[in-house]
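Visitor: Annotation source Swiss-Prot lists signal peptide at 1-30, citing sequence analysis. The pyrrolidone carboxylic acid annotation in Swiss-Prot covers GLN31, and the record cites similarity to another entry as its basis. The disulfide bond annotation in Swiss-Prot covers CYS41-CYS121, CYS74-CYS79, CYS127-CYS331, CYS207-CYS239, and the record cites sequence analysis as its basis. Summarising the annotation, Swiss-Prot assigns N-linked glycosylation site to ASN43, ASN87, ASN216, ASN228, ASN244, ASN285 and lists sequence analysis as the type of evidence. Per Swiss-Prot, site 'Transition state stabilizer' is recorded for ARG68. As annotated by Swiss-Prot, active site, proton acceptor applies to HIS72. The Ca(2+) 1 binding site feature in Swiss-Prot is assigned to ASP73, VAL76, GLY78, ASP80, SER82; the stated evidence is sequence analysis. Sequence annotations record features per position, and here Swiss-Prot assigns substrate binding site to PRO169 based on sequence analysis. The heme b binding site feature in Swiss-Prot is assigned to HIS200. Taken from Swiss-Prot, the feature Ca(2+) 2 binding site applies to THR201, ASP252, THR255, ASP260.
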Amino acid sequence: MHFSSSSTSSTWTILITLGCLMLHASLSAAQLTPTFYDRSCPNVTNIVRETIVNELRSDPRIAASILRLHFHDCFVNGCDASILLDNTTSFRTEKDAFGNANSARGFPVIDRMKAAVERACPRTVSCADMLTIAAQQSVTLAGGPSWRVPLGRRDSLQAFLELANANLPAPFFTLPQLKASFRNVGLDRPSDLVALSGGHTFGKNQCQFILDRLYNFSNTGLPDPTLNTTYLQTLRGLCPLNGNRSALVDFDLRTPTVFDNKYYVNLKERKGLIQSDQELFSSPNATDTIPLVRAYADGTQTFFNAFVEAMNRMGNITPTTGTQGQIRLNCRVVNSNSLLHDVVDIVDFVSSM
């Protein structure tokens, strides 16, 4: 759409007039709250939950996949739904980052979820908040804890491929590298790292990310010595050296679709699937993580409590709030004519205060 000079002038007049209100709104919105949509979209959690329930009937992996999307979103410029954006002429998608390419999944489900939310509450719920709710609901539906997530985020105006490559933890990370990765985004407690790693209690991973552990760890020509020998043989059967590198393996062979504490039981038995998992218990630097692994393995509720706290801390990494960003209508693309959309968003936001 073409804007005349008078149209553009009017738009800027609106923005200037709202200047003081915008500042007040931005300051007021800095604190996320579970009640953010209680009046404007009270059924958003039910809509999100129903979408996931329907998808689980045909795709038991989707709960773990959605949780992973949220994690990978929050580690890159905060939880701003930047991971959901497709390529444009202005930026490259985070979907092409090393930690996401050919492994991040669930985007069509997010599309259907957003369409359902928009039908119920037009221009109200951000993709960032919707993905946060979806992650929580995915955990709960898989047998994990239930909690109300703090809300009030807005969506980014771009993706951050380079930042994704720099920030996302890799499956071959050592414990010092893992700690540095978490610390880099403000998650500096050992419990943040150990509890959030428990997200690997369900879901699957590709053989290509564990082949070195199984056959040529650190270029030694030998397997990772921290691997349980029986588990090693099981994994070699699932991932032959010259087999399908994209073949999938359960993170937790005990209860692969259930969100429970068996991940930590596995670590104690040296049955962590990827190196970065087993590092929490087997690294020489694990003096502050081993006690947490033991505690979570011994007590499901202890793990659940720590996981909820860590999820909320991760969800609060540099949130985009107030009049920053926008509320995308389609999670894959920045709103067209975003200036006018943002003006409407500001008016709606201020009027709701």
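Positions of Cβ are set from backbone N, Cα and C atoms, glycine also.
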Visitor: Could you check the recorded positions VAL76, CYS239 and say which one's CB has the fewest neighbouring CB atoms inside 10 Å?
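Guide: Counting other Cβ atoms within 10 Å of each of the recorded positions VAL76, CYS239 gives the minimum at CYS239.
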Visitor: For the C-alpha pair, I'd like the distance in angstrom between CYS331 (disulfide bond) and PRO169 (substrate binding site), rounded off.
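Guide: So the alpha carbons of CYS331 (disulfide bond) and PRO169 (substrate binding site) sit roughly 24 Å from each other.
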Visitor: Compared by Cα position, which of the recorded positions ASN87, ASN228, THR255 is the closest one to GLY78 (Ca(2+) 1 binding site)?
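Guide: It is ASN87, whose Cα lies nearest.
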Visitor: Using the recorded Ca(2+) 1 site (ASP73, VAL76, GLY78, ASP80, SER82) as reference, state which further residues of the same chain have their Cβ within 8 Å of the centre of those residues' Cβ atoms, listed in sequence order.
Guide: CYS74, PHE75, ASN77, CYS79, ALA81, ILE83, GLU94, ALA128, SER156, PHE160
Visitor: With Cβ-Cβ distance below 8 Å and at least 6 positions apart along the chain, what are the contacts of ASN244 (N-linked glycosylation site)? List them in sequence order.
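Guide: The list for ASN244 (N-linked glycosylation site) reads CYS207, given in order along the sequence.
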Visitor: Of the recorded positions listed here (GLN31, CYS127, HIS200), which is spatially closest to ASN228 (N-linked glycosylation site) when Cα positions are compared?
Guide: HIS200
Visitor: Expressed to the nearest Å, what is the distance separating ASP252 (Ca(2+) 2 binding site) and CYS127 (disulfide bond) at their Cα atoms?
Guide: 30
Visitor: Specify the nearest of the binding-site residues VAL76, ASP80, SER82, PRO169 to ASN216 (N-linked glycosylation site), where nearness means the distance between Cα atoms.
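Guide: Result for ASN216 (N-linked glycosylation site): the nearest of the binding-site residues is PRO169.
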Visitor: With a 10 Å radius around each C-beta, find which of these disulfide-bonded residues (CYS41, CYS74, CYS79, CYS121, CYS207) has the fewest other C-beta atoms nearby.
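Guide: Comparing Cβ neighbours within 10 Å for the disulfide-bonded residues CYS41, CYS74, CYS79, CYS121, CYS207, CYS121 has the fewest.
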Visitor: In the structure shown, with every protein chain counted, which of the recorded positions THR201, ASN216, THR255 has the densest set of Cβ atoms within 10 angstroms of its Cβ?
Guide: THR201
Visitor: Among the recorded positions listed here (ASN43, ASN87, THR201, ASN285), which has the Cα closest to the Cα of the residue listed as 'pyrrolidone carboxylic acid'?
Guide: ASN43
